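Notes follow once the structure below has been shown.
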Amino acid sequence: MSQAVESRTRIKSERYESGVIPYAKMGYWDPEYVIKDTDILALFRCTPQPGVDPVEAAAALAGESSTATWTVVWTDLLTACDLYRAKAFRVDPVPSAADTYFCYIAYDIDLFEEGSLANLTASIIGNIFGFKAVKALRLEDMRFPVALLKTYQGPATGVVVERERMDKFGRPLLGATVKPKLGLSGKNYGRVVFEGLKGGLDFLKDDENINSQPFMRYRERFLYSMEGVNHAACLTGEVKGHYLNTTAATMEDMYERANFARDLGSVIVMIDLVIGYTAIQSMGKWSRDNDVILHLHRAGNSTYSRQKNHGMNFRVICKWMRMSGCDHIHAGTVVGKLEGDPLMIKGFYNTLLDTKTEVNLPQGLFFAQDWASLRKCVPVASGGIHCGQMHQLINYLGDDVVLQFGGGTIGHPDGIQAGATANRVALECMVLARNEGRDYIAEGPQILRDAAKTCGPLQTALDLWKDITFNYASTDTADFVETATANV
């Protein structure tokens, strides 16, 4: 027997000895590992407990998210365990964060059921976030191989088909959320929908927590909302929609509500992130089968995505939701009232809209990603935005986005229709200025003032909200900053 064979045999024998062996010595750490095209890659931000070696922490994460438990088990010998072990292959210190490390882990594709987000997440985020050896842990990014992505449906409709169905091209789509969230009767709710759509919006929207409460059952809301949609469409000659929230206690109830919305002629239905991954995928499949756009409200995401040291980065949620079948997802505004660093938001939007995503560390994109022809998911900008920010919104977010002005429509002093008209005129004048080649970013406020001379609702809105912004420091910011290239 050669010396090399003897060495491999000895290492393998030691690896399977009974008792507790460090994860790194059990095969979960391999700095020489060669990444395969079919591997799933995950990047964790890990803060080990004092005294825990970062390499051992990374190996523990790899082990506990794949095949390991706390001690050696003899049944490992009955499997292709060397193949099925996840491999931690790289550990880097996080810039400007003491005792915190980026841990790169590769998973063999056979560890995951095809097309099942529930199975994927049960491994990747299943129990390692409660692991005592780490003080804090965050899933920052993932890369999915084309072979796995081909087993996922992707967005039910996609950007191109949605624009064709809505007959809206060359500009962002406009929407608003009905306010107040709760308490309106069905008839009053439908009136809000009608006024907003008649004033120039493309969509009105249920909020995340309006389902089927005693003050307004879902059938009332759906009926009156669709009456408003159809009336506004007839008056304006435009295709209109209202996101009818089908979120419910059971899948049977959700299908019942979605079928009712479809039968009423709705072009779009809505779900909340809190319904869970299996329910989201199920509704994605239903939407594809029924030719209905699927809007996802990210209700609950900030409970685990906002803090930088523990939880999960929202870009991972964006990837999972694009895979699972959602056509829309709220992804930040930059200038609104909700968490949103400009670089991070750009990374979210690129994740949802790119056909191939390149590595971009300032935007938090650690892996290149080929999206395997999955359709694009439309980002939704919602929360504390108004027409006075239109030039900033177009500059930051581009055309493939839904701009949701809730309070910025329904809070207009002259009424909902006037608020909608103000937003539509602001959008149209800014897109026109951009298409004419003007410096609409620098001239934005003046462009809006000029348009307001012939649009009373816009003038009123500009006078009311002026340059209101929500300037708070973001908690989730880039770890790597863009720097100028030096001339040598």
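Using N, Cα and C of the backbone, Cβ positions are placed for all residues, glycine too.
Since we're looking at a predicted model, the values are computed, not measured.
Lifted from Swiss-Prot, the feature list:
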type	residues	note
ACT_SITE	Lys179	active site, proton acceptor
ACT_SITE	His297	active site, proton acceptor
BINDING	Asn127, Thr177, Lys181, Arg298, His330, Ser382	substrate binding site
BINDING	Lys205, Asp207, Glu208	Mg(2+) binding site
MOD_RES	Lys205	N6-carboxylysine
SITE	Lys337	site 'Transition state stabilizer'
Additional residues surrounding Mg(2+), by Cβ distance to the Lys205, Asp207, Glu208 centre under 8 Å: Thr177, Val178, Lys181, Asp206, Asn209, Ile210, Tyr243, Asn245, Met270, His297
Integer Å distance between the CA atoms belonging to Thr177 (substrate binding site) and Glu208 (Mg(2+) binding site): 10
Rounded Cα-Cα span from His297 (active site, proton acceptor) to Asp207 (Mg(2+) binding site), Å: 8
Inter-residue C-alpha distance, Lys179 (active site, proton acceptor) and Lys205 (Mg(2+) binding site) (nearest angstrom): 10
Candidate with the highest Cβ count within 10 Å, taken from the binding-site residues Asn127, Thr177: Thr177
Nearest-integer angstrom distance between the alpha carbons (Cα) of His297 (active site, proton acceptor) and His330 (substrate binding site): 6
Candidate with sparsest Cβ neighbourhood (10 Å radius) among Lys181, Arg298, His330, the listed binding-site residues: Lys181
Substrate binding residues Asn127, Thr177, Lys181, Arg298, His330, Ser382: largest Cα-Cα distance, in Å and rounded to whole number: 36
Proximal residue to Lys205 (Mg(2+) binding site) among binding-site residues Asn127, Thr177, Arg298, His330 (C-alpha distance): Thr177
Secondary-structure category, per DSSP, in which Asn127 (substrate binding site) falls: coil
